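Asker: Here it is, the structure, as structure tokens.
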Amino acid sequence: MKHATLGEWVLYGAVCAYLLALYALPSDVWLGFTINALIVTVLSIAWNITGGYGGQMSFGHAALFGTGAFVTAILQVRLGVNPWLAAPLAIAAAALVAGVIGALSFRYGLKGSYFALVTLAFAEVLRILASSFSITGGGQGILVPYKAGVENLQFASRVSTYTLALALVALGMLVTAWMQRSRFGAYLIAIRENEEAAKALGIDTFRTKVLAMVLSGAIAGTAGVAYLQTFLFVDSQIAYGASMSVEALLGPMIGGSGTLWGPLVGTLALHLLGESAKELVSGAPGLNLVLYGVVLLVILRYLPDGLVGLARRVRLPRRAPAASMKEAR
Amino acid sequence: MSALILPAMLGGLTTGAIYALVALGLTLIYGVLHIINFAHGSLLMLALYGVYFLHVWLGFDPYLAIPIIAPLFFVLGYALQRGVIAPFSGGKEQNVLLVTLALSIVFDNLALYFWTSNTRTVAVSYAYTMVEVGPAFIPLPKVIAFFAAMLCAAILWLVINRTRIGKAIRAVAIEKRGAQLVGIEVEQTYAVCFGIGTACVAVAACLLIPTFYVTPQVGYAFVLVAFTTVVLGGMGSFAGALVSGLLLGVIEALCGLFLGETLGQIGIFVAFILILLFRPAGLFGQRTA
Amino acid sequence: MLRVANVTKRFGGLVAVNDASLTLEQGRIVALIGPNGAGKTTLFAMIGGFLTPDAGSITFEGQEIAGLPPHAICRLGLTRTFQIVQPFAGLTVLENIAVGAHLHHRSRADALERARLVAEQVGMGRMLDQSAQSLTVAGRKRLELARALATEAKLLLLDEVMAGLIPSEIVEIVATIRQIRDSGVTILLIEHVMQAVMSLSEEAYVLNQGKMIAHGTPKQLVADPTVIEAYLGHGAAERLKGGAHA
């Protein structure tokens, strides 16, 4: 692993300082806003595994997020299952959906834009199904009764919910960090860089990509569960709508795709920007999303490695030869 | 029930004609630039607003708006390709998808900001003039759109296969390097092609609006359908887009009839997934080795 | 060690490889030569599992491998390189080689350690942190070789590792390939640089228009009229002979 540069220290330090400052100055507005951003970050972390590290860009991560949210909601409301049991089942369901989508797509050699489109189509199919059947609440969605208490995985205080969201982000980043140092991660990156070469070097590319989808699905499902437990409501548009799929990829693209901190940095930056824009124009609908689109364009044009890539280039002037020594450690 | 099937299919054919119209521009852009233009639906939405405002402010009939809207959108498409898509994507396939996604986010939400999410319709006197077609009664504008789709496909085919610029477009589509070597300006040709594709979507908007509506999100509803049409018809094939557009319209109508209105579109997306998985060259395309 | 028996591959109407056979004994350096379009790379692709033969069998250490996927064949100890180099462009030299090393080393540290050793072996010890896309053509060819070697292959298929190199670089890479062989790795190579084939390989097969037309030591082959005709056209051997008499 390469050592972090000065710019990276500053960037990650600022993010951590902001996240911790909310404990010192708890404001319901800021907590609510950040909880939302953190749940999206978990989804972004999921996207980053397949899209960032694996190079398999999905336009349909809502399919996984939504499955997590809907399965836990259905289990709780329709079958009376305890949320602590419903959560792992929902996460497993999301991982399964991811595995099926991945296995089908990769078996038939879909990649690049075609993979993106087929994932989007899967999410749309699920959205239409969810809006048509009564088990998912049809057009109305599912409302989970508010019964605060640890045994119901619901928290009365925003600070507790915030801590849970923060812990999930930390867990997601730990999984990513583990992956970066593992053979699985090395294989995934190799596939992104050159799939033919990866095959020639003994990598079972199909298996590796499907596994990445399953892992990504589990994390996206976790985000869905966290969303449901926080807002206690889900409908087909929230769960499977295109905006969730877009949110999943915006964070990593802007923060730095295929980097550990990219999803968190990107999602937080984007949400802060969107929120400030909303304040400036007093809540006009759409303008924050216009900004998201513009930021994505600017990043694609000028910062292909995202904010993390920019931070990496900010370093203390120092002895260049030290680089090879560090690598040898 | 069987008495309903034929009318449903006829209705589906006219919906399908609209799908074909929207997909014609997309398939041209795909066939030549080899990029997937995710903003295609948003451009349709902008064109729908264009026709709407021409009608409301200046009293233009939607059909008479074609000679105004189409050239305007040609210029818009040309400028987008030259000014945004080409320079911002750096020529990478996946980046094009992201750039056009970003464009669609910007367009859709600008529309939301300026024009709100209200559903708007154009009230024309002939919207409910019914034409008796066999066992079904079909609104006149849909019948017009049906024949216009064929006319548009034919015109596009002629432009590409029988004109000088069409020759350049074909050359660039088949062999970019080679075309460059014989002095064809590739970037220019790409932009012209994108412009033509965008003008097509503007024509589709004019033909669509008498029986449809416009909201900022309307493009998204069309974008996947348009992709399905293009993939099913074989990327870059006008005749393929026409036939598959009609086919999808019928599939949607039949799914709606048998599974219920809300599930109608599911047939389209399932078809899309199956086609991508099993026949990525399209039903009418050749299998590549 | 490797037996290719009566293998055929067709693309539509074109027969790229037609009933070709070859055998390879352990510890040797064997060349596969032939004019452009003879089907050499197609044959390599079939041995490596990237294409499935339409007919014939390929056995590696007694096991049938025709039709197995590339990764499975690589795991048996048979690794190929690509004629058009395929680096992991965004990764460093060390990371590139480590991908190969991971095949037999699960832990990252072990894989990196192994990658360093291999890099030394092929003379890339000082380029470890360079990004793969910044390498010269010669560097990329070496990297291709290093990655394959890092899989601890028993048999390496080298597809034109010398193409595009200048003579001094060829001398270096020939020495490297010999060292690799001396460390116990069997080598089958496709090569156009005849000087390298002559000095490096102990035997060679000649493929022409998909058919295996000759087999022998390089010296025998350059004197073989069928081989000369394959390269220079029908009647060339006669004319050369005639020229020699005159």
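Going from the start of the chain as shown, residues are counted 1 onward.
Glycine is no exception: its Cβ is also placed from the backbone N, Cα and C atoms.
What TrEMBL records for this protein is below:
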| type | residues | note |
| --- | --- | --- |
| TRANSMEM | A:9-25 | transmembrane segment |
| TRANSMEM | A:31-50 | transmembrane segment |
| TRANSMEM | A:62-79 | transmembrane segment |
| TRANSMEM | A:85-106 | transmembrane segment |
| TRANSMEM | A:113-135 | transmembrane segment |
| TRANSMEM | A:155-179 | transmembrane segment |
| TRANSMEM | A:210-234 | transmembrane segment |
| TRANSMEM | A:254-274 | transmembrane segment |
| TRANSMEM | A:286-303 | transmembrane segment |
Asker: I'm a bit unsure how to read this: which one of A:9-25, A:62-79, A:113-135, A:210-234 has the highest number of Cβ pairs shorter than 8 Å with the transmembrane segment (A:254-274)?
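Answerer: By Cβ pairs under 8 Å, A:9-25 leads among A:9-25, A:62-79, A:113-135, A:210-234.
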Asker: Could you tell me whether the transmembrane segment (A:113-135) and the transmembrane segment (A:31-50) have 3+ CB pairs under 8 A, leaving out pairs under 6 positions apart?
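Answerer: Touching, no - the transmembrane segment (A:31-50) and the transmembrane segment (A:113-135) miss the threshold of 3 or more Cβ pairs under 8 Å.
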Asker: Using Cβ distances below 8 Å and needing 3 or more such pairs, separated by at least 6 in sequence, tell me whether the transmembrane segment (A:113-135) contacts the transmembrane segment (A:62-79).
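Answerer: Checked: the transmembrane segment (A:113-135) vs the transmembrane segment (A:62-79), in contact.
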Asker: Which range out of A:9-25, A:62-79, A:85-106, A:155-179 gives the transmembrane segment (A:210-234) the most CB pairs under 8 Å?
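Answerer: Against the transmembrane segment (A:210-234), the leading stretch is A:85-106.
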